[in-house]
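So the structure is just underneath, and the comments pick up after that.
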Amino acid sequence: MATLSRFLKKRSLASNRLFSTQLPHTNIKSEVSQLIGKTPMVYLKKVTEGCGAYIAVKQEMFQPTSSIKDRPALAMINDAEKKGLISPEKTTLIEPTSGNMGISMAFMAAMKGYKMVLTMPSYTSMERRVTMRAFGADLILTDPTKGMGGTVKKAYELLESTPNAFMLQQFSNPANTQVHFDTTGPEIWEETLGNVDIFVMGIGSGGTVTGVGLYLKSKNPNVKIYGLEPTESNILNGGKPGPHHITGNGVGSKPDIVDMDLMEEVLMVSSEDAVNMARELAVKEGLMVGISSGANTVAALRLAQKPENKGKLIVTVHASFGERYLSSVLYQDLRKEAENMQPVSVD
């Protein structure tokens, strides 16, 4: 079986090389990574009733794997390849993740021909696990009580024991920030015609808020940048790490790449408020998004309600699609309801 798998993989790679030299002249993308970026923005209308400011949201659910993490996954792999640190079919990539970055990494590894090993806390959703495995990645779950710290520790253990292994280190990799300076920031500036006044974004690795913030500030120093973290794990506000449901934010330590001086403030949003807002966005705005997107919206609404921000344009991000959270606290009640539904008789 292993021999057959290797044969099919080699045949696929050979076919791809042949295919790439024989493409007809069209506007069709030659590979799926070219679909990354240039996501649309939309104004929120119903959940913003009573606010004095406008809120526009960049919809990263339109990325190939339905999350913003496709951007840094592609950037970090390309950067490492250019530096000669990794090569397809030879390097095993190992990365700790809370979910979306792992999915994006697995997606890129499958496309480029890398073996991918991911470590992840066991409290993350079943959808994340299945999606990573669907892309061919190996997945190791870690003790949920150890949080992301335990996940990172396990990844480093694997890095030391695995031949030809490499870790892209999203929490300290400058390419994670640079891709948002090069793509996400300019896209926001162009779509708002330079009229953005405030940008607010949850802090996980810190790549998005730092990269976008630096770009917007370079275009207009008066743009205000805000971060946010879970109330239950508010280490950037001097608190202690703790369990929460805003997956992807509040990793329990200050990431190396986050620029705290860039931000006016790091707002705090509770898991309960984030979950409730994500649900509300689905039924009121038709936007089915994840929990961190709910948190971003809560923070944007708080800023929009401040008298000093009346008439201003606030931009935030919906980082991922809500279908990835069906088994999580976000939709677990609806899932149980759906599982218990009984068919009606039809005459």
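Any Cβ shown, glycine's included, is placed from N, Cα and C.
Residues N100, G204, S205, G206, G207, T208 are given by Swiss-Prot as pyridoxal 5'-phosphate binders; from S30, S33, S292, that same site also lists S292. The pyridoxal 5'-phosphate site is defined by N100, G204, S205, G206, G207, T208, S292, and by the 8 Å test on Cβ atoms against their centroid, the other residues of the chain that qualify are I68, K69, M101, Q170, M201, G202, I203, V209, G248, N249, A319. Here the Cα atom of T208 (pyridoxal 5'-phosphate binding site) is found 9 Å from that of K69 (N6-(pyridoxal phosphate)lysine). K69 (N6-(pyridoxal phosphate)lysine) and G207 (pyridoxal 5'-phosphate binding site) are 10 Å apart (CA-CA, integer value).
Binding of pyridoxal 5'-phosphate is attributed in the record to N100, G204, S205, G206, G207, T208, S292, and the widest Cα separation among these residues amounts to 15 Å. Taking Cβ-Cβ distances under 8 Å and a sequence gap of 6 or more within the same chain, the neighbours of S292 (pyridoxal 5'-phosphate binding site) are G202, G204, I246, T247, G248, N249, A274, A319, S320. The distance from the Cα of N100 (pyridoxal 5'-phosphate binding site) to the Cα of K69 (N6-(pyridoxal phosphate)lysine) comes to 6 Å.
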